[in-house]
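Colleague: Quick one: the structure is below, questions incoming.
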Amino acid sequence: MTCGFNSIGCGFRPGNFSCVSACGPRPSRCCITAAPYRGISCYRGLTGGFGSHSVCGGFRAGSCGRSFGYRSGGVCGPSPPCITTVSVNESLLTPLNLEIDPNAQCVKQEEKEQIKSLNSRFAAFIDKVRFLEQQNKLLETKLQFYQNRECCQSNLEPLFAGYIETLRREAECVEADSGRLASELNHVQEVLEGYKKKYEEEVALRATAENEFVALKKDVDCAYLRKSDLEANVEALIQEIDFLRRLYEEEIRILQSHISDTSVVVKLDNSRDLNMDCIVAEIKAQYDDIATRSRAEAESWYRSKCEEMKATVIRHGETLRRTKEEINELNRMIQRLTAEVENAKCQNSKLEAAVAQSEQQGEAALSDARCKLAELEGALQKAKQDMACLIREYQEVMNSKLGLDIEIATYRRLLEGEEQRLCEGVEAVNVCVSSSRGGVVCGDLCVSGSRPVTGSVCSAPCNGNLVVSTGLCKPCGQLNTTCGGGSCGQGRH
């Protein structure tokens with residue numbers, strides 16, 4: 001991994017120069033500050049100031065890995081476009097005694113193992129992130145489902161309210177019908193009472209008529225008996241008249257026979273002429289007249305009585321027939337009214353049962369709707385709480401993912417720097433490894449907190465930027481960084 005910018009400040013004079021310098025290094029003490037991921041190390045032992053890309057060869061500065069922050073390279077530099085006179089510092093051509101640490105390979109192996117373990121942890125974190133993303137999608141789907149479900153069932157309350165209002169209107173109509181039917185029932189009961197009174201009156205009239213009929217029947221029977229007696233008397237009188245007639249005729253015949261046997265002629269000298277025939281004829285005529293008048297009177301009286309009784313029987317029969325018809329009509333009306341009353345009672349009971357059932361169903365539906373609404377509100381509240389927890393977990397996972405992305409980017413830069421270092425090759429240098437703070441120190445080791453005596457290299461987390469300056473480095477001392485041409489405003493740590 002290469003640094004974003006390189007700045008070199010020499011302590012020989014206050015002036016500064018850029019990172020690509022055309023002049024050779026001057027003997028002075030330099031503090032080269034590198035910026036690995038973390039850890040601080042100081043390097044001391046280099047004399048002479050030089051840039052990262054110097055015309056007159058020098059050391060090439062860079063940073064890599066979590067465990068080391070400085071690497072020395074070979075002498076390199078671009079060839080000038082033209083041959084010019086170059087002044088070379090002879091002190092730079094002397095070989096350096098860097099004293100390479102023999103434990104560098106072990107440290108590299110440990111670093112590789114650490115990278116493998118970190119990669120395994122990273123893969124586990126990736127799997128966890130994927131699992132949490134799936135859980136997040138599942139919970140988002142559940143939340144959307146519950147929200148849609150709430151939206152779909154939010155219309156239940158007005159629906160139940162309308163249904164309850166309809167049931168109330170029906171109950172009011174049923175109550176109005178019940179009142180109307182009650183008034184009709186009262187009217188029918190009053191009419192029924194009137195008909196009952198009329199029926200009782202007609203029954204009383206019928207009883208009176210039957211009593212009169214019985215009395216008249218007795219009178220008719222008496223008249224018939226009297227007629228029979230009179231007819232018997234008439235027959236007896238007729239027989240008696242016939243007997244007397246025959247008797248008188250026989251006496252007359254006997255007398256005439258006696259008279260014919262005797263021829264005595266008696267002459268009376270009187271003015272009376274006894275005529276028995278006239279007397280008998282007169283008596284007979286009188287009796288005949290009496291019998292005729294008696295018969296005529298009896299027949300006329302019998303006929304009148306019969307006609308009267310017939311007229312009375314016909315009149316009473318007609319009255320009885322009308323009374324029977326009225327009684328039958330009243331019975332039919334009573335039966336019809338009784339059936340209507342029973343039907344009205346049945347309808348009233350059915351309507352009352354329907355009203356009670358409707359009220360019970362409405363109350364049950366309302367309580368069920370309230371229970372469902374409470375359950376939905378509880379489910380929505382629980383879904384909101386679960387969503388809040390999932391959002392927090394998702395935020396934590398995203399924070400972890402962000403940290404892992406940062407670590408991945410750091411590992412990628414470390415691996416790129418390691419590959420570049422392996423490609424360039426390793427020179428014979430003395431490397432002192434300090435794995436406690438993640439820095440590799442070449443030369444004298446400056447532990448964080450101590451102050452270097454000579455020029456040093458400090459490795460601190462500064463996003464991969466290399467700062468070379470004359471002065472002290474944090475946390476060893478106060479940093480004093482000067483940048484050439486005003487290209488840098490502050491030192492990176």
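Backbone N, Cα and C atoms are what each Cβ position is placed from, and that goes for glycine too.
Below are the features listed in Swiss-Prot for this protein:
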type	residues	note
CROSSLNK	LYS217	SUMO1 cross-link
DOMAIN	111-422	domain 'IF rod'
REGION	1-111	region 'Head'
REGION	112-146	region 'Coil 1A'
REGION	147-156	region 'Linker 1'
REGION	157-257	region 'Coil 1B'
REGION	258-274	region 'Linker 12'
REGION	275-418	region 'Coil 2'
REGION	419-493	region 'Tail'
Colleague: Can you name the residues of this chain that are 6 or more positions from LYS217 (SUMO1 cross-link) yet have a C-beta less than 8 Å from its C-beta?
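Modeller: Listed in sequence order, there are none.
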Colleague: Taking DSSP three-state, what's LYS217 (SUMO1 cross-link) in: helix, strand or coil?
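Modeller: Once the DSSP labels are grouped into three classes, LYS217 (SUMO1 cross-link) ends up as helix.
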Colleague: Which numbers of helix, strand and coil residues does DSSP report for the region 'Coil 1A' (112-146)?
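Modeller: Reading the DSSP string over the region 'Coil 1A' (112-146) gives 35 helix, 0 strand, 0 coil.
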Colleague: What does DSSP give as the helix, strand and coil breakdown of the region 'Coil 2' (275-418)?
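Modeller: Residue counts in helix, strand and coil order: 143 helix, 0 strand, 1 coil.
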Colleague: Write out how many residues of the region 'Coil 1B' (157-257) are helix, how many strand and how many coil, based on DSSP.
Modeller: 101 helix, 0 strand, 0 coil
